[in-house]
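Written below as C-alpha cells is the structure these notes are about.
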C-alpha cells in the first residue's frame, strides 16, 4: 500500500513501512511526480491564506468590545483550531517536496501529525456543537438561557479540545521516523503494534471522527431548515429574530463547506482501512486509494482557509463587528455618533 496523506500519513506496503512507489503496483508514476511538484506550492498557499484569514477572524472576535455570543464563542474556537492546524502545513509541504523523506526529526514528526490529527476531531466536534446551538435557539427557543448557554459553550469548547487531544494521543505516541531502504528515505510513519489496531483506527477515524458527528450534524440542520420553513424565517424577537436568522445562514454555509471539503478524505480513509484489513485488494484499489487520499487531504486543507472567506461574504453580523472594530480603533471613534447616523453608515458600507 502506498502512502496516506498528511492527515494520517502511513507510507506503507504490506508491512506498513514503505512510501509511494515502494510496492509492486506502480501504475501511476507520472501522477505521483506531478503531485510531488505541485502539491507543496498548493499547501503553502493554503498555509498563507489560512494564517492570515484565521488570524484576522480571531482578532475581530477577541478585540471587539462586546461580549461574545454563544455562536461567536464556537466560531472563535473553530478559527483557533484552523489556525493551529495551518501552522503545521509548511512542514508537510517540505515533506511532500522531499518525496516523504522527513527532514525535521522524530519530535516534530509526532507533534505536526498529532496536531493535524487533533484538528480533524476538534473541527468536526465544533461543527456539531455549532449545529446543536442553532437547533436549540430555533427549534427549542424557550429552553435556552443566554447567560447559562454562554457558560455551557465555554465548557463545551474546553471538552472538545480535550477530546481532540486524547483521540490524537496514538498519533503522538506511535508516529516515528523510520528508514525505508527501498527509496532511500527516512519517512515519518505511523507504526501500529498489531493488526487489530487497524480496526480500532477505522472506528476512531471513520466512526468517531465522521459518521457519528455527521449523523448529529444532519439531524440538527434538517430540523433547523424545517423550523425556518415553518416560520418563514420570521422568528419572534424573544426567540431569536433577524440576528439569529443571519447567524443561522452563516452557520449552515459553514456546515455545508465543512462537509464538502472533508467528506472525500473520510471516503478514501475508509477505503484505506478496508485495504489494511484485506477487505479489498489489487493494484487498481491500491493506486485509486493512494492518489485519492493525497488529493482529498488537500481538499480538506482548503476548509481551513475557506471559513474566513465565508465569515466575510456570508456573515453580515461578522462584517458589522469588523466595522465596529474599525470605528473602535479609529481616532474619530472618540466623537459621539448618533444611532441613526451609525445605522446609515453601516448600511452604506455594506451596500457598496
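Glycine is no exception: its Cβ is also placed from the backbone N, Cα and C atoms.
Listed features, source Swiss-Prot:
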- 1-39: topological domain 'Extracellular' (TOPO_DOM)
- 1-24: region 'Disordered' (REGION)
- 10-24: compositional bias 'Polar residues' (COMPBIAS)
- 64-72: topological domain 'Cytoplasmic' (TOPO_DOM)
- 98-110: topological domain 'Extracellular' (TOPO_DOM)
- 109-188: disulfide bond (DISULFID)
- 133-154: topological domain 'Cytoplasmic' (TOPO_DOM)
- 178-198: topological domain 'Extracellular' (TOPO_DOM)
- 226-246: topological domain 'Cytoplasmic' (TOPO_DOM)
- 272-290: topological domain 'Extracellular' (TOPO_DOM)
- 315-352: topological domain 'Cytoplasmic' (TOPO_DOM)
Problem - Nonlocal residues around residue 109 (disulfide bond), in sequence order (Cβ under 8 Å, 6 or more apart) - result: 102, 175, 176, 177, 188
Fill in the blank from the handout: Secondary structure of the topological domain 'Extracellular' (98-110) by DSSP, residue by residue, totals 6 helix, 0 strand, 7 coil
Practice task
Would you mind checking how many other C-beta atoms are within 10 angstroms of the C-beta on residue 188 (disulfide bond)?
Solution key: 29
Practice task
For the topological domain 'Cytoplasmic' (64-72), give the DSSP counts of helix residues, strand residues and coil residues.
Solution key: 3 helix, 0 strand, 6 coil
Practice task
Provide the three-state DSSP residue tally for the topological domain 'Extracellular' (272-290): helix first, then strand, then coil.
Solution key: 13 helix, 0 strand, 6 coil
Problem - the topological domain 'Extracellular' (178-198), counted residue by residue under DSSP: helix, strand, coil - result: 3 helix, 9 strand, 9 coil
